[in-house]
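S.K.: Have a look at this one.
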């Protein structure tokens, strides 16, 4: 049965070491940590010399010398173990930007000593599955990010696609259309995470070169099937949410501008909403928890005050210039200690994928059995789905392999017999051709049927193997002796972690008891001793008083700062609202504005304003679809009318009330260009030659050339004289002169 018990959120604090940039700039370390007592003390660098340190106590604290594996074994191993038992679990890192949240969650996967919570949890989950017996597991992985209040799937092809949050009474809040991948090993789930990390939004600021610009959530769903006492399979589903939050930041320190500033604004708003949820959960007076203020708080609704076991890692920096952010982080973490969750085991959920897999495998096996086993095939022992055993499993596997071999041999043998039968028919000369053809066709038909049946069986067996390969079953690949040793080592680790926690609690209680004992003991041996004791008590009380006064002043300053930021945001929003109102008043008619405002409705699920339909539609859609006969037209049209419209211009057969009229073209005022028939150079030479010019005296030419030229001129002149008769009225043309011959 599902057990439900209240337990508080476990809060641990981790402080990173000083980096080279902080040391070079002369900043000092202001944080001191006592790992045994779980105590964190912070010194105010700007306070007066006598101001006491601010102290905070947590479940566990880790200083700058802590190791990744110690953090996992002492804090997170028990949580992952409970997820394997069917609980919901959440691990999230909280703190200022550049304090090591991503290093705590992911670390360096290539180095075993520097691996973070997520890679260590992968190893833990699949090692546990490999060592279990009589259980079936199905492991799925999803990866999403919240970037500027938009949910994106980091494993999808289109990362820019926005996903919506939905809520159901049985499962709670979930992301619609979020992709999920079935993984069978550490290597496969690490590949899924690598693909998601490559798609995640990362940027550079003055405080962090690889600053996460979005909140990322890696979701591991572990489904386990086990045979119960009643003989039925019972499924438990555990979900592990590994959350890497983007850090809160101030624009003055990060130097963010443009897109980085927009990202920082959205990050700070969502983290502010997370802080408000934590404050409301701790404050018993508040009846409303503002989960809907951001997408992050809605996704973490079960983790904060719901059905989950939660561990919060508060990361902080030790440098003096981060005093305000460090104090704010510690205060939020101190509040979160008082949040109470009610985790329960998720047994037999309706949407368990493992059950669907088992039912599908059972259906395929029944379909395979209906095909009928061959004569030589052995019938193995039937088992119920989910029932597994050590040696029996190995024997059953060998039997199944033997069955497959027998089936293949029987198929080959039947094919060989049919081939021999075909050869006998072909060799028989006494048969009539028609009878021989009929027998051959029957044999070929039987061959085809056997082949088809064999292919169907192979296809079903392939599907069964593919689906069974996704179900993880332990106790086969690892020797039982090694499993037992690993179990003992894990038990010892858990015992050591519990002993350390008990030791811290005992030291804390002893310290409180000592203080109470001194107060109760009122007997003193002398007046001097009484004065010393009371002076010491007075100093301690005065130090507490000063500490409380300092806390009150800090809270007032923080409240004033938050109020100033809210007022600034409010002024910006009012200015933007006024601008839009001026645009609406001057450019949108009053009637149209009234229509829109009366139809506007705010949808809390999508957090958007929607317009209600003008008329109530009975069906799912308001507008009716176009008829099939009117594709591309306003109204239906017959085939005859369509053909008539194509053949002629009769407006009767037109689908639209529009007449097709030819364009009325104006009279032409220009003419086409006609190029010259003779080249310009040749025409120029001809024009020059046809002009009347004096005879040219070419003295440089030889005598022979002059004589020939003179003879030619005489001949030409004589011809012209013969043509032109005296007393004729015919037009006289100019005579050719120069070097051009006519």
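Just so it is clear, glycine is given a Cβ too, placed from its N, Cα and C backbone atoms.
Bear in mind that the values here come from a model prediction, so they are computed numbers and not experimental data.
Feature table excerpt (Swiss-Prot):
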DOMAIN    8-339  domain 'Kinesin motor'
BINDING   95, 96, 97, 98, 99, 100, 101, 102  ATP binding site
COILED    338-613  coiled coil
COMPBIAS  365-377  compositional bias 'Basic and acidic residues'
REGION    365-425  region 'Disordered'
COMPBIAS  389-410  compositional bias 'Acidic residues'
COMPBIAS  411-425  compositional bias 'Basic and acidic residues'
REGION    614-742  region 'Globular'
COMPBIAS  709-723  compositional bias 'Basic residues'
REGION    709-742  region 'Disordered'
S.K.: What number of additional C-beta atoms lies within 10 angstroms of the C-beta atom of residue 97 (ATP binding site)?
M.R.: 25
S.K.: At a 10 Å cut-off from the C-beta of residue 98 (ATP binding site), count the other C-beta atoms across all protein chains.
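M.R.: If we count other Cβ atoms within 10 Å of residue 98 (ATP binding site), we arrive at 26.
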S.K.: Among all chains shown, work out which of the binding-site residues 99, 102 has the most CB atoms within 10 A of its CB.
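M.R.: Its Cβ has the most other Cβ atoms within 10 Å: 99.
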S.K.: Fewest neighbouring Cβ atoms within 10 Å: which of the binding-site residues 95, 100?
M.R.: 100
S.K.: Is residue 102 (ATP binding site) helix, strand or coil when read with DSSP?
M.R.: helix
